[in-house]
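Student: This is the structure I want to talk about, given as structure tokens.
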């Protein structure tokens, strides 16, 4: 009798260990709106695989990005902390990295979920977009690189996908060129005409050398700007494997298929041991791209083609988990780094941004459309299929959730702002552990969210809101994104207050006349904000300062086969040397 009993105890212990140490697959879209997937209400975009994921697990309907911009949101996601704690939130206009040769990035002192699970024996990989920096002091120190933050493997782009990365898709530097090139050229042209007229009229003796100098200045400005546009693509749009540049500039040909093959290959190689895979999609940030199988197939132009190709990739990952018998042993999470970019409209008026559903605003602002994102978690047998949860949750919650499942203790030397999602997902708790959440516009505290105990209300108070343009628009179309600085925002005193439980579209601000508890609510939220700000350290280096975001030639990475001047290799072919 003792032998069978011991065997049962052993098997029970093994099953419990497996249940607490699942494989972890994290799928993150780029700039996808909450109104884009079918499971969140879209009737015209085809997302059967994302919908399949949702029907087999839990759908979070109040899942929030910790920031409405790529870099700070991803920093918070990786560390479980508000990005202002790590210096990954900007005090200036530039809120993300646009040069691969910038010196800022996620500090080596930060602890990511990849580091924690790796310490517990997990194999780890990041496939796709990083956007959290690369080098500090020279082009080979890789102090901010994914492999320095807990990933065993990296295959993807260290920066982001921009319009400048794809020929014919325009440039994000149009306004910069206008102010730094075309306006000075007009001033110089006016000066030449004025001086020429004065010289012809005999009113002023102007040496010919002055005209020659001005013409040389014009030529220099044009040359510098043209060189910038020419070299930006190879310098910043490239594909890496670990520390090596494999393709420069990046080719979009079958890019999603290549990333998907890397992701499914990683799963196959590590099917017998615990693994964590972060598949960080390039879709659907502009410039848009898709393979011939998906191009011009959706009802929403290039954006819709990209969404549907990304959904195919999600399906490939789910299928390989099923094929290998890993579905029941794997927690799968799908989300977006923030809301859709509503101001993405081409010169011809074609919308290249997504849908944020009923929610106001979008990328780069803290209206619900900028921060409320898809949040889907599936773990068959552990998370009930078809579950829908409307409690406030954050992408920061993945950090403590993953750590606990992997058996790793949380760091004791820092504040972790995320909360373990499993009690909520398993029905052991009906309330989110987030009574308060704080919404940052770059490094500035923009709004506070409060879900009081024993109340269905979700209060949200704005200290300032962006000035949408043109009047009546749903975004800042004149600047392409909304900014957080003076001149671009309207400050509110008292703060603008909404109850999201009855007004999710944020269309009816409350007043003392419409809400009797108005002042008490604001007082409680201000006290929470004061307690929160007291936990912030003033000594954190600003990783997005002007000095840390500028291009530094000594940090420029090039592929080994290229000359330092050209920085090009396999410009038209596909990346070679995939892992076996």
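Placement of Cβ uses the backbone N, Cα and C atoms for every residue, glycine included.
Automatic, uncurated: that is what TrEMBL annotation is.
Owing to the predicted nature of the structure, the values given are computational and were not obtained by experimental measurement.
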Student: Among 95-117, 118-140, 141-163, 210-232, where does TrEMBL put the label transmembrane segment?
Tutor: 210-232
Student: Would you please say which range out of 39-58, 59-78, 179-198 has the annotation transmembrane segment in TrEMBL?
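Tutor: Spelled out, TrEMBL records transmembrane segment over residues 179-198, not the other listed ranges.
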Student: Where else in the chain does the transmembrane segment (210-232) make close Cβ contacts, counting only residues six or more beyond its ends and a cut-off under 8 Å?
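Tutor: Non-local partners: 164, 171, 173, 177, 180-181, 184-185, 188-189, 191-192, 195-196, 567.
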